[in-house]
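Notes for the one structure printed next.
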Amino acid sequence: MAVQRTFSIIKPDAVAKNVIGEITTRFEKAGLRVVASKMVQLSEREAAGFYAEHSERGFFKDLVAFMTSGPVIVQVLEGEDAVLKNRELMGATNPKEAAPGTIRADFAVSIDENAVHGSDSEASAAREIAYFFSATELCARIR
């Protein structure tokens with residue numbers, strides 16, 4: 001198994017519910033280390049740019065509106081097989097289909113307000129991390 005970095009967003013619905021700490025604790029208990037984290041209020045331009053791959057899909061405008069409706073936490077997580085581990089912790093995109101005990105099953109209310117975003121591949125992680133963080137903002141976590 002290789003040490004990887006992945007990208008995570010704690011979305012506006014979860015921030016509004018004050019479950020930032022509970023979600024981050026789940027990452028850490030699963031062996032993922034936070035190597036960068038910040039709270040940001042996305043502009044329409046930033047949200048549209050981040051989700052540009054979905055720009056032709058019917059839900060794009062609603063997604064951008066939701067992601068700009070309140071602050072989010074953007075994080076870089078590091079650990080063994082971080083991309084897959086984060087995806088497993090999040091659960092299915094639709095919280096009604098998410099396994100019990102996953103972040104989305106516990107904190108999300110709908111497929112639209114589904115608490116978290118996580119990279120789906122190492123390539124996506126690299127692109128998403130670079131979208132929000134400079135190399136100097138990523139901290140080595142040796143211990």
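Glycine residues also receive a Cβ, built from the backbone N, Cα and C atoms like all the rest.
What Swiss-Prot records for this protein:
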- HIS117: active site, pros-phosphohistidine intermediate (ACT_SITE)
- LYS11, PHE59, ARG87, THR93, ARG104, ASN114: ATP binding site (BINDING)
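Location within the structure of each feature annotated in Swiss-Prot.
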residue : record                                          : CB count, 10 Å
LYS11   : ATP binding site                                : 24
PHE59   : ATP binding site                                : 12
ARG87   : ATP binding site                                : 17
THR93   : ATP binding site                                : 12
ARG104  : ATP binding site                                : 24
ASN114  : ATP binding site                                : 23
HIS117  : active site, pros-phosphohistidine intermediate : 20
Alpha-carbon distance [HIS117 (active site, pros-phosphohistidine intermediate); ARG87 (ATP binding site)] in Å: 9
LYS11 (ATP binding site): secondary structure state under DSSP, collapsed to three categories: coil
ATP binding residues LYS11, PHE59, ARG87, THR93, ARG104, ASN114: largest Cα-Cα distance, in Å and rounded to whole number: 21
For ARG87 (ATP binding site), the three-state class that DSSP assigns: helix
DSSP three-state assignment (helix, strand or coil) for ARG104 (ATP binding site): helix
